[in-house]
Ligand SMILES: NC(=O)C1=CN([C@@H]2O[C@H](COP(=O)(O)OP(=O)(O)OC[C@H]3O[C@@H](n4cnc5c(N)ncnc54)[C@H](OP(=O)(O)O)[C@@H]3O)[C@@H](O)[C@H]2O)C=CC1
Ligand SMILES: O=C(O)C1=N[C@H](C(=O)O)C[C@H](O)C1
């Protein structure tokens, strides 16, 4: 039985993850954490009526025997949360996006020091993991690429963690390249999107969307578009489940679900 605490349980992803833990006979939800909630117990939340799980609102009040910390919170909270988990011997399974490269490195160092397994996954969806792998493969042959990520309009960070991760994977295999016309100008600043190592990333935010990404490649006389869609947040739960099952077996913190698949 894997004992789990879920941070951000009031939110879209945290509530879905809490339900996944409750529904899994091999997992036990032993705590939930959400900084601004008033609940003393998860059962006070209408979506979880009948559940008896302590709810916490401040890191220094958390008392738990959890071995896994699932985090779907906000970019400004996740680093402190993951540090807390590692310092208390709890393996972090982090879905929250928006951490800096330095923060990720610091967490990896701490996990190694403490000999604790952990995972930061910019995307727990299998379609997104495959899209990133396929895009990396295609970039060897098509160095000209544009990334378009599309999300619901409540998303805080942009570009998405998945888009940044896609760009990083592409940058690993292609020589640095400034795309387009070197004399190009932007009549309205930002028209060409964000720039990462010569690639352009475009962030679309619209009600009705969940999480979607297209990677467009262009070459002489041809093009290739790779697309993935998360139509429902349940799409992320297969990956979260695998991470919860496996993360305690490791002694380092990985970035990317592919390391545990
Ligand atoms: N890796 C993946 O596969 C996926 C990652 N994500 C990422 O997960 C994160 C959460 O997304 P989503 O569920 O849509 O966002 P929500 O805004 O729905 O949920 C975030 C929750 O965290 C709470 N919160 C805020 N501060 C803290 C804190 N200090 N400690 C604990 N909880 C806190 C928020 O409370 P309040 O509203 O009161 O501020 C809210 O309930 C985002 O970074 C998103 O990019 C999303 C989908 C998939
Ligand atoms: O905020 C979201 O919704 C999502 N965030 C992650 C990201 O930033 O890539 C993963 C997925 O795209 C959904």
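Including glycine, each Cβ sits where the backbone N, Cα and C put it.
Where the annotation comes from TrEMBL, it is an automatic prediction and has not been curated.
Keep in mind the model is a prediction, meaning the values are calculated, not measured.
TrEMBL lists 151 with the feature active site, proton donor/acceptor. DSSP classifies residue 151 (active site, proton donor/acceptor) as strand under the three-state reduction. Counting only same-chain residues six or more apart in sequence, the Cβ atoms lying under 8 angstroms from the Cβ of residue 151 (active site, proton donor/acceptor) belong to 160, 203, 204, 205, 209, 210, 211, 212.
There are 16 other Cβ atoms within 10 Å of the Cβ belonging to residue 155 (active site, proton donor). Annotated active site, proton donor per TrEMBL: 155, in sequence order.
For residue 123 (NAD(+) binding site), the same-chain residues 6+ apart in sequence whose C-beta sits under 8 angstroms from its C-beta are 129, 132, 161, 162, 165, 211, 236, 239, 257. Annotated NAD(+) binding site per TrEMBL: 8, 9, 10, 11, 12, 13, 34, 95, 96, 97, 121, 122, 123, 124, in sequence order.
Sequence-distant neighbours of residue 36 (NADP(+) binding site) (same chain, 6+ apart, CB under 8 A from its CB) are 10, 57. The DSSP secondary structure for residue 36 (NADP(+) binding site) is coil. Marked as NADP(+) binding site by TrEMBL: 36.
Marked as (S)-2,3,4,5-tetrahydrodipicolinate binding site by TrEMBL: 152, 161, 162.
Per TrEMBL, the feature domain 'Dihydrodipicolinate reductase N-terminal' maps to 2-124.
For 128-261, the entry in TrEMBL reads domain 'Dihydrodipicolinate reductase C-terminal'.
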* **Of 8, 12, 34, 96, 121, i.e. the binding-site residues, those within 10 Å of residue 155 (active site, proton donor) when Cα atoms are compared** => none
* Quick one: which of the binding-site residues (8, 36, 123, 162) have their CB closer than 6 Å to ligand 2? -> 123, 162
* Just how many other Cβ atoms lie inside 10 Å of the Cβ on residue 162 ((S)-2,3,4,5-tetrahydrodipicolinate binding site)? -> 25
* Counting only residues 6+ apart in the same chain, whose Cβ is under 8 Å from the Cβ of residue 34 (NAD(+) binding site)? -> 7, 8, 9, 10, 11, 14, 55, 57, 73
* To do: Could you give me the DSSP helix, strand and coil counts for the domain 'Dihydrodipicolinate reductase C-terminal' (128-261)?
  => 45 helix, 39 strand, 50 coil
